[in-house]
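See structure below.
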Amino acid sequence: MTIIVTGAAGFIGSNIVKGLNERGETNIIAVDNLTRAEKFNNLVDCEIADYLDKTDFVARFARGDFGNVRAVFHEGACSDTMETDGRYMMENNYRYTLALLEACLEQGAQFLYASSAATYGASTMFREDRDYEKPLNVYGYSKFLFDQVVRRRLPSAHSQIVGFRYFNVYGPREFHKGRMASVAFHHFNQFRAEGTVKLFGEYNGYAPGTQSRDFVSVEDVVKVNLYFLDHPEKSGIFNLGTGRSQPFNDIAVSVVNALRESEGKPALSLDEMVQEGLVEYVKFPDALRGKYQCFTQSDVSRLRGAGYSDQFLTVQEGVSRYCKWLLERSA
């Protein structure tokens, strides 16, 4: 049976393709928009059966052109939270996804899609509940609105629908994301170029570098996606984070020590890094005041309740692995 991955040349999509390959799955149709041609690099070491542009895909899928489709992993979207073209965002993230959902329901294909923690916006509670969903930008709203459709459709759906609210994902194959790439990726490049990592200073009662996020490795994101592929009887909207919040200081320390280890140098503590100028704190930008979340932490109770029991990588574990991967490819 065929598996389809949209956004297949992107960050999470290409990691899902690779994860499927590692399970012996190669009958995969990759769907994407390669206007930014460099994204093809994410698929060079992957095995796929075919590639389609996103503009051609939904209509062909709805016609049944691909035969017996087991599942669709829908990772394709505009993920730039700074995008201000609301018409583009809603057409690309909401309307396109809605058409794909309808086709999956019609054909009985499993539908596993990327939602986002951006649906919570200004909330201080990160639980899959309408009361806590307060998106702050049109990206978050596009994801939020589709999640509401899913909630209405789930009671009558005869095939799986699963939405994953990704928190701060980092890991291999994100080179093309530019400013939207993870903090770990930016710290890696900054330290190699400048010999220091810069973090925000004190803000809103948080000491320098202690603003924190639920950072989740793309390795874990893939594992959760594949768990639900194996359990088509499980549907719903689930947070996909670690359930832990770790400070940006932890990312910086993990990156610096991974790079020091590659040079045969001993690990240092945060205080030692600050003393040696390897970690620096800069004034919190005025432009971000009042618009910046100092804390996120996913509530993973619903995910655990669905039977997913694997432990998530810590920042120290995941970032160290990621830096080694980056070093291997930049040698």
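Even glycines carry a Cβ here, placed using N, Cα and C.
According to Swiss-Prot:
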- TYR139: active site, proton acceptor (ACT_SITE)
- LYS177: active site, proton acceptor (ACT_SITE)
- 11-12, 32-33, LYS39, LYS54, 75-79, ASN92, LYS143, VAL169, LYS177: NADP(+) binding site (BINDING)
- ASN168, ARG179, HIS186, PHE200, GLY201, GLU202, TYR203, ARG213, TYR292: substrate binding site (BINDING)
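Where Swiss-Prot records a feature, it is marked here on the structure.
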{"residue": "ASP32", "record": "NADP(+) binding site", "DSSP (3 states)": "strand"}
{"residue": "LYS39", "record": "NADP(+) binding site", "DSSP (3 states)": "helix"}
{"residue": "GLU75", "record": "NADP(+) binding site", "DSSP (3 states)": "coil"}
{"residue": "LYS143", "record": "NADP(+) binding site", "DSSP (3 states)": "helix"}
{"residue": "ASN168", "record": "substrate binding site", "DSSP (3 states)": "strand"}
{"residue": "LYS177", "record": "active site, proton acceptor", "DSSP (3 states)": "helix"}
{"residue": "HIS186", "record": "substrate binding site", "DSSP (3 states)": "helix"}
{"residue": "GLY201", "record": "substrate binding site", "DSSP (3 states)": "coil"}
{"residue": "TYR292", "record": "substrate binding site", "DSSP (3 states)": "coil"}
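Closest by Cα distance to ASP32 (NADP(+) binding site), from the recorded positions TYR139, HIS186, GLY201, TYR203, is TYR139.
Looking only at the recorded positions PHE11, TYR139, TYR203, TYR292, the densest Cβ neighbourhood within 10 Å occurs at PHE11.
Long-range Cβ neighbours of ASN168 (substrate binding site) (same chain, at least 6 residues apart, Cβ-Cβ under 8 Å): ALA117, SER182, VAL183, ARG213, ASP214, PHE215, VAL216, GLY241, THR296. Most Cβ neighbours within 10 Å among the recorded positions LYS39, LYS143, LYS177, HIS186: this distinction goes to LYS143. Taking the Cα atom of each, LYS177 (active site, proton acceptor) and PHE11 (NADP(+) binding site) are about 8 angstrom apart. Under 8 Å, Cβ to Cβ, and six or more positions away along its own chain, ALA77 (NADP(+) binding site) finds GLY7, ASN92, ASN93, THR97, ALA114, SER142. Taking a C-beta cut-off of under 8 Å and a sequence gap of six or more, GLY201 (substrate binding site) has these contacts in its own chain: PRO208, GLY209, TYR281, VAL282, LYS283, PHE284. When the alpha carbons of LYS143 (NADP(+) binding site) and TYR203 (substrate binding site) are compared, the span between them is 29 angstrom. For the binding-site residues shown (ASP32, GLU75), fewest C-beta neighbours within 10 angstroms: ASP32.
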